[in-house]
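Trainee: One structure, as structure tokens, below. Some questions next.
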Amino acid sequence: QPQSALYQSDTFARVWIPDADEVWKSAELTKNYKHGDSTLHLTLEDGMDIEHKLDDKTKNLPHLRNPDILVGENDLTALSYLHEPAVLHNLKVRFTDSKLIYTYCGIVLVAINPYENLPIYGSDIINAYSGQNMGDMDPHIFAVAEEAYKQMARDERNQSIIVSGESGAGKTVSAKYAMRYFATVSGAATEANVEEKVLASNPIMEAIGNAKTTRNDNSSRFGKYIEIGFDKRYRIIGANMRTYLLEKSRVVFQADEERNYHIFYQLCASSHLPEFKNLKLGSADVFHCTNQGRNPVIDGVDDAKEMCTTQHAFSLLGINELNQKGLFQVLAAILHLGNVEIKDRDSDSSIIPPNNRHLTVFCELMGVTYQDMSHWLCHKKLKTAQETYIKPIPRLQASNARDALAKHIYAKVFNWIVDHVNKSLRATVKQHSFIGVLDIYGFETFEINSFEQFCINYANEKLQQQFNMHVFKLEQEEYLKEQIPWTLIDFYDNQPCINLIEAKMGVLDLLDEECKMPKGSDDSWAQKLYNTHLKTCSLFEKPRMSNKAFIIQHFADKVQYQCDGFLEKNKDTVNEEQINVLKASKLDLLVELFQDEEKVTSPTGTAPGGRTRLSVKPKEVRSGASSKEHKKTVGCQFRNSLAMLMETLNATTPHYVRCIKPNDLKFPFTFDPKRAVQQLRACGVLETIRISAAGFPSRWTYQEFFSRYRVLMKQKDVLSDRRLTCRNVLEKLVQDQDKYQFGKTKIFFRAGQVAYLEKLRADKLRKACVRIQKTIRCWLVRKKYLRKKHAAITIQRYTRGHQARWSYMRQTLAAITIQKFQRMCVQRKVYLQKQAAALVMQTILRAYMARQKYQGLLRNHKAVFIQKHVRGWLARQRYKRSLRAIVYLQCCIRRMKAKKELKKLKIEARSVEHFKKLNVGMENKIMQLQRKLDEQAKDNRVTSERLNCLETSHAVESEKLKVEVSKLKGIEEEAKNNANRVTSLLEQLERLRKELTTTQKEKKTIEDWATKYRDEMEKMVAELKQQNGLLKTEKDDLNRMIKEQSQQMTEKMTRALAEETQQLESDLNEERSRYQNLLTEHLRLEERYDDLKEEITLSVSVPKPGHRRTDSTHSSNGSECTYNSEFAESEESSRHGEDVTRGMDTSLTLKLQKRVTELEQEKSSLRNELENKEDQFQRARDDEEHKKSRGAELEYESLKRQELDSENKKLKHDLTAMRQSLLGNAGAGAGAPGSPPYKVLMDQLNSSCEELEVRKEEVLILRSQLVSQKEAMQHKETMTEPVHYAEDVHKMKDSGAITQAYLGLKETNRLLEGQMQQQRRSYDNEVEVLRGELQSVKEENNRQQQLLAQNLQLPPEARIEASLQHEITRLTNENLDLMEQLEKQDKTIRKLKKQLKVFSKKIGEMGAGHVETISPGQMVEETVRPVNIPRREKDFQGMLEYKKEDELKLVKNLILELKPRGVAVNLIPGLPAYILFMCLRHADYVNDDQKVRTLLTSTINSIKKILKLLLYLCSNTKRGDDFETVSFWLSNTCRFLHCLKQYSGDESFMKHNTPKQNDHCLSNFDLAEYRQVLSDLAIQIYQQLIKCMENILQPMIVSGMLEHETIQGVSGVKPTGLRKRTSSIADEGTYTLESILRQLSAFHSTMCQHGTDPELIKQVVKQQFYIIGAVTLNNLLLRKDMCSWSKGMQIRYNVSQLEEWLRDKSLMLCGAKETLEPLIQAAQLLQVKKKTDEDAEAICSMCNSLSTSQIVKVLNLYTPVNEFEERVSVTFIRTIQTRLRDRCETPQLLMDTKIIYPVTFPFNPSSLALETIQIPGSLNLAFLTRV
């Protein structure tokens, strides 16, 4: 397509136009361009309309903008339009919006200084970039370093990293991070910490070579080239540094706002310290050399602290304190020398005042005489052919000589330090290859440019020429490799400029010639330059207004140089006599500095030590020419060193880093386009773009092109041959065939063609979208129309139905109304007739009934009257009869009582005493009777008197009555007279009525008031009731709130308890993880100790072949120091027999010997401490044995606790069963025979009886063993040898033996009888106890029933409280009962234990031997039952016997030479573990502790040896097939550990055993300590398994989870630059998700075949999924091209496939899915909306497993793949950051892929019987004997 066609389209083109402020501005065409137009109509981004005039001569159109989809790309060469505005805009978008400081530009890494510390340089980032292809990850300095390291290892070619840029752009930091990367990923070949020394050189060089400038606070004022040396395994072995053009003038002069070198200010800041008191320093403001810039402080920098860092670095690099002290003296002397004041004596001479304080201090520090130094500072020696003159010099010359001396001394110090740094970093072995890091000044141009700027720009001209040639070469190689036509590209060649400077009669040549002239000056040199080059060279110009300057046209810009000072700086002369004075110094260091004054030095005096192969050494200089070589000028030296540098760079593969300074104000993430474009032009980035744009900058593979532009093809165009398909499509789409070329594997496009294809693709997609939208909208509208049509028809149907039903209903209603009234009339007539007839009938019936009722009532009344009188008469008769009977009965009773009294009185009367008493009583009674008679007579008299008085009064009363009658008669007459008074009384009555009316009114008023008062009272009462109701409501609310708060408190406590539990679990896991990490570290140190010991012993070193990429954390698993065996050491020595010897450095040997001595001392101290602990434990055990009975052992307490626990659990279980039975069958017959409680008690009784029977059998066995021991003592036979029955019979023929046996048998019978009686008594006691318990249970049942009945009568609240109180009481009682039972059981067990210990002691004494301990702290273990003695059975007992000499053969055949594949497929899982345990059982059975110890030690050491060998092979041969072996031995180690637990005799491990398995328990030895050792070994194997699995999975994860398109066609491939990404298309050999799933299935099936515990498999799977999720997320966070909507869909689909795999394997509950949660949330974050505040809130709540930095990173990296997607705005990202500000989390960006979850080994007993195991012949174990 012609260029103008891109300016004519449906959518107006967007272009770049020049701008004075922003360099380039974006605008959009408002009118399509037509050929011949002179102006363009544009609209700026701010909406302003402008007209852009085209150049009349060239008619060049403005640069086109790239599509938005290409903006922000990682590689600038991926842009379709390659020009300056596109590059500048892409860098700005990445830097300001995405906060990305690195960008590729072809082979160049552009690094923009952010002026802010970024968390992108940690060890996790280094690990993420290690081993990755350069195009696969986002641009980074680590990616460049990794590419250099990889090419060095792959191509066997030395590499160089060239870091350039202007001051303040970040060159030093970039070089520092590159060296840190090499030091981290490569490791060191020895333990001399070379990588630390390489990094430690940075603070030293920064202190003596860096200073603050106006542009940079830490500007390097010299150039340096550091070569990092590597051995054949590509590990760091040393380094070498070359420096260039130190800015010596800064020592005596600094401009405003600048500083001298940092070391001077560090000395001044530390002057108060004791070690610096003798330097007599003070504040930096005091000295002339440090106060000229008037700003001695750098914000955020502590010079005193930096001084400590510098001293530490000096010490680390081997510069001792004496030399450090001397260096600081010389540096302090320079400061004092700068303050020496020189005064004029006359116009031609000068003088220093006597006793100058600063000069005195200078001489003291330098160790020279004051007179000599003061004299030669003001004089100089002139030599002629005949004589020598001493001439005074004027003050100005003297000051210049003083400054020259100071600069010369500092240069010597600088060279000495560099020389010693190189000596410290020099490799002790042969260097195989190196990587050089060049940190050199960039192109400089200031207002005043002098000799230093000239040399710097000269060096940059040479580097730019080398850069251009390398870029051109790469382009040519790419075209030739793809076999496309090669056209010579015209690019800027700066050779003319270089010739102008360095050729014959060039600037440097003329300068050197002028320096040789006796009266040469800067002016004469300038005139020579004008005469030589002004007319012959177009690159040389003369300023119009100056005769002391010249202009050179450099590749970046024109620079004007001032000639003043060129000659002086080029000569770099110093007074020779002053040097001689310094050489005579008493300070040894100063003498050493100037002893090589006559020797040849490089520009900075660095020694070229440590150079190998391709590095260029300076030629040997003849001693006779030394004086002549010393006369070389600075320019000549710099030219020679620069030539050496270029020769070195040309012999290496270069990598370029261009540092850009974004602004001059050092503001973070602020982009100044003017400053940026200046540097881009100066550093060659735009030249790279121009060279790329001149050819075919855009390159696509055929598959990528087909995948991207498949939408532009028709179905018939798609062929099976992708290359032919792409060719046919391109010929149709692009008519001009010069715009593209077809290579072997790629399609090459001219600039702009990708944008054109993208436009076609976007148009096609837009049309497709429009068509889809049209169809969808049509479908939606049609669906809406059909829905409305259906609704209208339905409404019509119902309306018409309603109308039809309404007409019919009206007619029906009228007919019903007529029928209703007609029927009502008929029914009413019938009703009235019936009513009249009913009334007549009712009248007659009611009259008849009334008469009948009256007659009945009359009869009843008469009958009642008769009954009343009859019943009264009968009642009176019955009463009379009863009365008579009662009276008669009373008489009879009284008579009977009287007779009894009479009889009694008669008896008493017959006795004399009675008569006496009677007489006494009679006298009293007579007196009493006499007194009574007198009283009665007196009463009679009084009564007669009263009667007389009454008669008299009666007579008087009768008289009065007569008088009263007469009065009444008179009153009657008077009443008649009063009749007349009636009228007056009536009037009075009327008055009273009126008063009554008034009173009634008043009463009514009072009643009304009372009613009102009552209403008020009622109202008040109602209000009170309402208030009462409200109070009740409030009370209810308060009660509810209290309940809710109580519930909340309960929930809170539950939640707190859960959190506490979770925290405790987390702490436990952390503690377990810490322990396992310590175990790993211990094993690594032990391995290192063994290696060092072996190296010192053999004095050899073995360089292992291969290439180890990362600093492996794998450590060889050496043997435990406690369990070392000669067998293991012999195997180790034989395996290392093929090592190649090499010499060791003496200092290194001494260090290693010292380290070994320290380790041995530490080991011995630990061993002594262990022995002390063991002695203390032994003493405590002896004391305990002395206190207890004779046979008590230390294991008594642990066994007692175990038995108590088991008995307690048993009792609780029994009581629970009894309580459930009682509660379930509460009733009257609960305790009757046959009821459940009765059955439970009987079961317990039976179990007790069975236990007693077992005890009896054990006692019998014990007695028989006692007898056999006695017999053995008599015959002096050993217990370890087998005894045959025939021999026993033969020996029993002796009569003495028979007698002895008879006596023993008799004694045994007696003992057994006593034991039987004792058991019977205990049995009876237990029966009584059980009966008592049964009775108590019955009583408890009755009491429960009573309480239940009482509780049912209580209200609900009281019922609950009573039930709780009752439950507390019941639990307390049960607890007390259980404690009592526990104490009883304790006493019983203690008694039995004591008896058992006594019997065991007697047996041991009679057998003349005792049981030895296996290891310190281990004792004979006793099980819950007293003794487990195997019965003599003829069948196999699950033991294997072997001879001691066969132990090595057993270990060799069963462990070292065993092939796991055959065992896993053909034999039962865990067979080696079972065989080893069966051998161990036999050693325990025969009580051979030595055999047990050696077998276990050999087993552990052999397994460790296998693992160590696998680790060695894995790290040196890159073999990844050892997973099966590690899994096999992990399974067998765990099985062996489980067998030791299952058959240990511990009750907690015997729950699931069969009786036969319990018989197979170990009987003599406690192997608890060995179980711990095996557990540690299992942890070690597990960690190695995880690392092995990680090595296998690591290459698959990124390709399968991110790069491969599981859902084809979802994500289109975007255009890429020069550094191609790994293809997402599944080519042959690439990993896919299916590869990962297959590998996971292989892991799972392997572990299942080996019989690995299911819980352990779950932990392994969880670790696998964590690695997959962490690696995938880390790569997602470091790859901008992966952060898109379609990639999020791919990731979610891949995660769902992983979850499906978990579901298929029944592993969903193992915690693996939770480890993928961060990855799932990151994928969701890529797909959710990212615009509004609601979206931000949703993201914050959704991404709870991602950190804030990770969320922000994903949002910054989000990249649209299609034009329909939108970028995330900066405002939205800031909103997210604001919302997540309060999160408490670590600032780490990447997940730690090295985390290994702490592993546990839950006990998993085996149901396999040992006696059923068969040993196959393939194992070659025929020497084992079944027992």
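Each residue, glycine too, has its Cβ placed from N, Cα and C.
Not my notes, these are from TrEMBL:
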- Gly165, Glu166, Ser167, Gly168, Ala169, Gly170, Lys171, Thr172: ATP binding site (BINDING)
- 10-62: domain 'Myosin N-terminal SH3-like' (DOMAIN)
- 71-762: domain 'Myosin motor' (DOMAIN)
- 1497-1782: domain 'Dilute' (DOMAIN)
- 600-628: region 'Disordered' (REGION)
- 642-664: region 'Actin-binding' (REGION)
- 1102-1145: region 'Disordered' (REGION)
- 1159-1201: region 'Disordered' (REGION)
Trainee: I'd like to know the mean pLDDT over the region 'Actin-binding' (642-664).
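Mentor: Summing pLDDT over the region 'Actin-binding' (642-664) and dividing by its length gives 89.
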Trainee: Would you list, in sequence order, the residues of this chain other than Gly165, Glu166, Ser167, Gly168, Ala169, Gly170, Lys171, Thr172 that have their CB within 8 A of the centroid of the site's CB atoms, where the site is the one recorded for ATP?
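Mentor: Surrounding the site, in chain order, are Asn113, Asn216, Ser219, Ser220, Gly442, Cys659, Lys661.
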Trainee: Of all the binding-site residues given, Ser167, Thr172, which residue's CB has the most CB neighbours within 10 A?
Mentor: Thr172
Trainee: How do the residues of the region 'Actin-binding' (642-664) split into helix, strand and coil according to DSSP?
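Mentor: The breakdown for the region 'Actin-binding' (642-664) reads 9 helix, 8 strand, 6 coil.
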Trainee: Can you give me the same-chain residues 6 or more apart in sequence from Gly168 (ATP binding site) with a CB-CB distance under 8 Å?
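Mentor: Gly168 (ATP binding site) has long-range Cβ partners Asn113, Thr213, Arg215, Asn216, Ser219, Lys661, Lys666.
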Trainee: State the count of C-beta atoms found within 10 angstroms of the C-beta of Ala169 (ATP binding site), not counting that atom itself.
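Mentor: Summing over all protein chains shown, Ala169 (ATP binding site) has 25 other Cβ atoms within 10 Å.
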Trainee: Let me know how many other Cβ atoms fall within 10 Å of the Cβ of Glu166 (ATP binding site).
Mentor: 23
Trainee: Give the sequence-ordered list of residues that share a chain with Lys171 (ATP binding site), lie 6 or more positions from it, and have CB atoms under 8 Å from its CB.
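Mentor: Within the chain, Lys171 (ATP binding site) has Cβ neighbours under 8 Å at Val163, Ser164, Gly165, Ser220, Asp439, Ile440, Tyr441, Gly442, Cys659.
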Trainee: Near Gly170 (ATP binding site), which residues of its own chain have a C-beta under 8 A away, given they sit six or more steps off in sequence?
Mentor: Ala111, Asn113, Cys659, Lys661
Trainee: Could you count the residues of the domain 'Myosin N-terminal SH3-like' (10-62) that DSSP puts in helix, in strand and in coil?
Mentor: 0 helix, 24 strand, 29 coil
